[in-house]
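The feature domain 'Acyl-CoA dehydrogenase/oxidase N-terminal' is assigned by TrEMBL to A:33-146. Sequence annotations record features per position, and here TrEMBL assigns domain 'Acyl-CoA oxidase/dehydrogenase middle' to A:151-244. Marked as domain 'Acyl-CoA dehydrogenase/oxidase C-terminal' by TrEMBL: A:257-419. The domain 'Acyl-CoA dehydrogenase-like C-terminal' annotation in TrEMBL covers A:470-573.
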Ligand SMILES: Cc1cc2nc3c(=O)[nH]c(=O)nc-3n(C[C@H](O)[C@H](O)[C@H](O)COP(=O)(O)OP(=O)(O)OC[C@H]3O[C@@H](n4cnc5c(N)ncnc54)[C@H](O)[C@@H]3O)c2cc1C
Ligand SMILES: Cc1cc2nc3c(=O)[nH]c(=O)nc-3n(C[C@H](O)[C@H](O)[C@H](O)COP(=O)(O)OP(=O)(O)OC[C@H]3O[C@@H](n4cnc5c(N)ncnc54)[C@H](O)[C@@H]3O)c2cc1C
């Protein structure tokens, strides 16, 4: 068992903003265990063999094929990673769960969505909130792929405002079952699921309630036609109509009125897994792009040799690398937090619930960052392919279309942006994360005279780590003043919240990529890690630009006169490089490596 | 006839960078003549009646329907706007031509492409380079829509490197015709065209030659299957195979070896028209987005009232407005330049050719800027629609897919970016645009002490116009030093070129939007133009951010030590606002107007 001191090294959710993290204290993809690497290779192999060669089927809306692949994934045990052994699962930790989400999603968003809807929001609510009976009855079937699950929350009038649904659950006269009636929309896996997690309102309850509903067409459940969608074409998405559907009272999830909480917690886990589910798709886009760029000759030159193309490859690789770094860092935090909770006597269920909830901020950050990175990455992939990128004969356009959904579901990126800052402010109010003291320190620092000492930057990343520290000050300065100014009304200032969220997101991503690389360089030496060092520097450089922009926008929106001048000066100080990196050279370096290896090779 | 002095007020191509333009000297959409407005309404009406209600047909790849609509457009005279009256056309000026491209493209990229390929690259080469006989024989049929044209330049191995095609033209023994053999790819309108502009190489000529080829399946011409594409689904795109296709020698366009020149000049016109062809699509996306946002209620609030949505609507409107401003400004410059050339004794043909060539830089700028704006606009459109944006039942996803092609064809945006700067540097070398003197002046200014006078900003846009002047200095400083440093080898430094191109693009767009709005405010008063003023300010603000970023990147890539420090200081000075705009408030203002009008209303 860990000592309290060891436990304290694990940051609490949101604390990354106010504490410095040592690179030894984060988990990185370089730290995968042998078991994890084997798992990764198994999944990759499955995708290479069964899925990638059949990509066309997914684009042709072959829903049955999606189901078939899901069934095969079940046979391989891939649907049961997160399920405890006593419920027929593999009982692996959160990092391994993420790893499987990551690699199983490489070939098509259709499978990523089917997998995510089933193993995530379709199964987790029972795992996290189910009674022993419910778990025993349903989880083993879901874990094996004998049954598939879906999650029915959204309604025509209730999307982002998930608690506003009109679906009703009425207790029968004998008190033995509920009768559910209502219309659900956009339900992934609806076309082939056996079990539905359904949210409905009992009487005039403030909050909705969750139910486990077995799919039975003779029990008042009707499915709409398949929706025709921009992307993830072979992911089944239908409306579901409930008309006095009988559900035994034993199938209520947790307590009456707990539905909204269940829904939100299921989404927290869903969000970080969604980030993972964008990663391997990006790796493959980068690898296919560099292969094409190495082969395609124009002006007697492989286009990979043109600076315009190198620039794209480098940016694609650097954001990919950052996305990986942050995703697995947060995943391990969650895993550790669960272990701590368990060691403190929590049940596995409680521990998992609280462990993920703790990092809800990081989950939202990752959802937004990685879903936007993959959009950009696939967009550049198309551009590198030129006219061929516009053709269904190359894998770029489907990747671009598939990526688009990730910015919409599991909470839109707008909702998630606002959540990141909103949750942080709430944590501060509750005293879980002390933002006020550091915010005050920054304010004091602004009034003081800056130090003109020439700092010692001889150590790897010393300037970069100092910069991360300064960027945190930018957030504390902007968000701190905003909270002071607007108090709880801050939530009405959405443009400001969005700007603050972008600052927060970039800090987390940039810090993660620097720490991962520092750890790597300490292990392998700086020479061997030189491309990774370049990627970390490039990512940070871009982050500084975004933070400068968003900081300025935020400041100008609420501060005037002297206050504005002082804060702008602070912004300048906190975003200033002593040694401005030559990003053109960094990109060249990164691209040259990717080009030489002919793949994303980190 | 204009006097020399009047003519001199019309900027030469690229001169916008070194001369100040008075708002009275630019043409704006507010200056459309009654005839032009009638034309616009005719086209809009045609689209509303015949095309928009049938959008689904385009998405279902109904190529025949595209042809039918093109035929109807021909009946309305819309294919003949740019064609002189003596050749059966309407003989209207360049602005009117742009106007028709703009509004005919509002509903679907499939029609935009078919229209552009036919009236632009399919017809213009004959109009611009054809002999009297060629013109008389072919142009009237193309202008009426009796025949349709296509343009066969690209080959599997020759895309961006258009002159590298392998298609051969061999003179027959009797010297009466050429036999053309080769494979062309990505040919728009191939499926229903009667005439093809084909580029092929005679013997081992350095440059390809253009030919007018009548489509005849019995003359060795075979078509590939329709390509399956990401977007513009009902635009016919096929491979075309020529196998000893007999073409009479009279059908050579211009001289042997002129093909590359013809191809490039056709593309120049094509590029600015492509910018126009993105405009009405954007207007409609904005209007549909605001209508949806006003109707859709979440959290008991129309989502249009959320700052996150307002921010999007405002940015969409401001870039739209800027795109219009710059497109019509350049269009009128071209029209005027043609008139001047004609008044100087050029034939209409020569005048048009030279008129467009003169503004090749602006044409590339517009192509890049507007094609990227529409991508961003449609992307936000999807996001505003939430889950519904991902559905084929709403008009957002097709708009997003259709927009994607505009960044690829008519020269990829990478090629066009490099062209903007490359052409400017060439013009400077030839003495057509004096960049050296102003670049030297900026360098001198950097050595001097900046003025600390408080400037008088009481006039509308006085600070903004000063900012435009300073942004020009950024370009001169960065590009000037880069040219000095690298000389002709600059073209190998593509990342730097791309950064310089972005600076140039933003300057042109921002200046155009400021000047248009100044002209409007002078006419209608500042009160009535208040939203437009906000849009101009917002656009400029964003431009300053981009220029700051790209300038910094460029400088760090080639300057070190003191030189770098001096240039960074210059950059800071040249991008500094005295009064930092509150962009959050600007966006609120713009959004509120669009929301109140329930449409893009400028
Ligand atoms: C392919 C697909 C699969 C899906 N699968 C499932 C599933 O399996 N189960 C399920 O229950 N649901 C599913 N969904 C639904 C998905 O979760 C919702 O689409 C999403 O939550 C957004 O809700 P909405 O579509 O109603 O958009 P809206 O909530 O109407 O949002 C529209 C726009 O308004 C913005 N907005 C909304 N509220 C605010 C606010 N307060 N402040 C600022 N901006 C705001 C949004 O960010 C968005 O830009 C799926 C959707 C799709 C498209
Ligand atoms: C739907 C569609 C319709 C089309 N219609 C027509 C038509 O009607 N007639 C016709 O002739 N053609 C047509 N085209 C072809 C189009 O013009 C080409 O696709 C385009 O010019 C790009 O060429 P490419 O596809 O060979 O890409 P490539 O030239 O191979 O470019 C691939 C990538 O390399 C980059 N690149 C290439 N050269 C350089 C360089 N020197 N420096 C830096 N980067 C470079 C490009 O920017 C791009 O990112 C069409 C294409 C499509 C997809």
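Backbone N, Cα and C atoms are what each Cβ position is placed from, and that goes for glycine too.
The average per-residue pLDDT of the prediction over the domain 'Acyl-CoA dehydrogenase/oxidase N-terminal' (A:33-146) is 97, rounded to a whole number. Each residue of the domain 'Acyl-CoA dehydrogenase/oxidase N-terminal' (A:33-146) gets a DSSP state, and the totals for helix, strand and coil are 85 helix, 0 strand, 29 coil. Most Cβ pairs under 8 A with the domain 'Acyl-CoA dehydrogenase/oxidase C-terminal' (A:257-419) among the ranges A:33-146, A:151-244, A:470-573 are made by A:33-146. DSSP places the residues of the domain 'Acyl-CoA oxidase/dehydrogenase middle' (A:151-244) in helix, strand and coil in these numbers: 6 helix, 46 strand, 42 coil. For the domain 'Acyl-CoA dehydrogenase-like C-terminal' (A:470-573), the DSSP counts in helix, strand and coil order read 96 helix, 0 strand, 8 coil.
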